[in-house]
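**Q** One structure follows; several queries about it will come next.
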Amino acid sequence: MSSQKKKISLFAFFLLTVITITLKTYFSYYVDFSLGVKGLVQNLILLMNPYSLVALVLSVFLFFKGKKAFWFMFIGGFLLTFLLYANVVYFRFFSDFLTFSTLNQVGNVESMGGAVSASFKWYDFVYFIDTLVYLFILIFKTKWLDTKAFSKKFVPVVMAASVALFFLNLAFAETDRPELLTRTFDHKYLVKYLGPYNFTVYDGVKTIENNQQKALASEDDLTKVLNYTKQRQTEPNPEYYGVAKKKNIIKIHLESFQTFLINKKVNGKEVTPFLNKLSSGKQQFTYFPNFFHQTGQGKTSDSEFTMDNSLYGLPQGSAFSLKGDNTYQSLPAILDQKQGYKSDVMHGDYKTFWNRDQVYKHFGIDKFYDATYYDMSDKNVVNLGLKDKIFFKDSANYQAKMKSPFYSHLITLTNHYPFTLDEKDATIEKSNTGDATVDGYIQTARYLDEALEEYINDLKKKGLYDNSVIMIYGDHYGISENHNNAMEKLLGEKITPAKFTDLNRTGFWIKIPGKSGGINNEYAGQVDVMPTILHLAGIDTKNYLMFGTDLFSKGHNQVVPFRNGDFITKDYKYVNGKIYSNKNNELITTQPADFEKNKKQVEKDLEMSDNVLNGDLFRFYKNPDFKKVNPSKYKYETGPKANSKK
């Protein structure tokens, strides 16, 4: 390019950077993010929302002059690109967007190795083509750049136009989704209407507000929550109340398990033959087919948190990571104080993952059997941790030495994304959808099913089965919306938003000594487990703050809230702002009579639970039935096999 030819001005470089970042954002909307965009208004909003913040941020560098102005513009553009791409990779794995809260979980990434790498796609270079071109120009073709300063008097005009565009965007968004910023729990809504960059700013503001909430919280805030939850309490079913008093309680966590696998055949073979038997109602287990996970960004940790506290996880981040130092009145601590239970958690991963080694102390959990208690040599490990069959076998040996009554929680790992399994461990062929995630899920789910059967048989041999309450549950979905096309091939039906909600059934099975099994079709969620167990143990719950209700109570609440503000009842589901019938998943145009009441209850539940966590409200509670847990009395020793990894 000769000196007579027109050079690239700083303003032209600014426009190029804004346009290319916006184009990449559009690309992510339609290729990587599942935002459920419908109609002219939503598509118009999608075209509009990336510009405002990108232009506002980059316009700051128009105040600079010389080559450094171009470099600052380049760095700013690269950081915005990196934010976009980080959200893309995160969304592929979690079907959610990055928040400031999730940055506290960055330590988990190293442990998740292969699962994260599986989230990279061949076409990801698209996100960085412009970055490489700009870098080439800045390093090798500086003569193409017009280093004259941009007229500073026009910079405020550019900034004002960016701000005006944001408010226009917000006006359109409020028209299509009223009270977007005040009553929306779903991050997908926020990104759809605001874009990923404005969402990051919004999340930063909410994070600051939540951090301030603890300092401003008072006993009055606790009283409001107690008054609300006490109105919701239900009477225990006299047929079940106290039937499991001082019985061992074993809780088995099935990683990433979804109940569409129950009675599902692939290539003529049952995927989960053992769980199929437990689900028949003919065994000693009662099966709840309409049991849903209620997790948020914390996924596995959220399921643990919700089931042991009858609280919901946070709208952003993991309660384990962000609120691990709070005061709690958890199920294991109550069982200890009321009936002398000793509690433990068993998991074939290391204790720092999800901040477990700290938060368990605040739950009053006595012992943590982490990876250092198991042989973690290469032959015993797959994907994220210890193979389930080895984990269950060793865990049963530990349990055989425990004094009754104990409360024991076993967390499996093999059926975890990206669902890889050693060939020697596979006993069923993969499905043939062409999607490695979905096809691998079939094999790892079968392996989990076999491991569970071996464990149950082991409990019988060791004399632990008959005297124990045994709970089994799926912690969260395994197959995200990103794999809907493959799921349609596997299930032979269209995966609509309503159908995807149905697929969030993760199942709950419970064996109660002295009770026969069956099938219970009540709609329920993980928040309902704690009050159920307390009533089975014969513990009066009137002074405990819980958002769930007893599964066996005749007054059990069948409105199941999800962390994003959607919900399902026994008759209909509310998904992405629309109501669908449970019978056929068809859209309901006439609003059900109890819809507004249920919607307000869900919003209130989530709001009140968030207040408990953000305000650390249990620190104010003088519960006559509970002595506050002293976390300093708990110490989790390193196990005898700490050096087994090779």
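Each residue, glycine too, has its Cβ placed from N, Cα and C.
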**Q** Compare the topological domain names that Swiss-Prot gives for Asn43 and for Leu145, and report whether both residues sit on the same side of the membrane.
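**A** Going by what Swiss-Prot records, Leu145 is on the opposite face of the membrane from Asn43.
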**Q** Which residue of Glu255, Glu270, Glu450 does Swiss-Prot report at the same Mn(2+) site as Thr300, Asp475, His476?
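**A** According to Swiss-Prot, the candidate sharing the Mn(2+) site with Thr300, Asp475, His476 is Glu255.
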**Q** Using an 8 Å cut-off from the Cβ centroid of Glu255, Thr300, Asp475, His476, can you name the remaining same-chain residues around the Mn(2+) site, in sequence order?
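**A** Everything else in range on the chain: His253, Leu254, Ser256, Phe257, His293, Thr295, Lys299, Ser303, His416, Gly474.
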**Q** For the transmembrane segment (120-140), which recorded stretch in the set 8-28, 44-64, 154-174 gives the largest number of Cβ pairs separated by under 8 Å?
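**A** Counting Cβ pairs under 8 Å, the winner is 8-28.
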**Q** What average pLDDT is reported by the model for the topological domain 'Extracellular' (90-119)?
**A** 67
**Q** When you scan the chain for residues with a C-beta under 8 Å from the topological domain 'Extracellular' (29-43), skipping those not six or more beyond its ends, what do you find?
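**A** For the topological domain 'Extracellular' (29-43), the far contacts come to 88, 91-92, 95, 123, 172, 175-176, 188, 191-192, 481-482, 484, 497, 576.
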**Q** Measuring Cα to Cα, how far is Asp475 (Mn(2+) binding site) from His416 (substrate binding site) in Å?
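**A** Roughly 11 Å, rounded to the nearest whole number.
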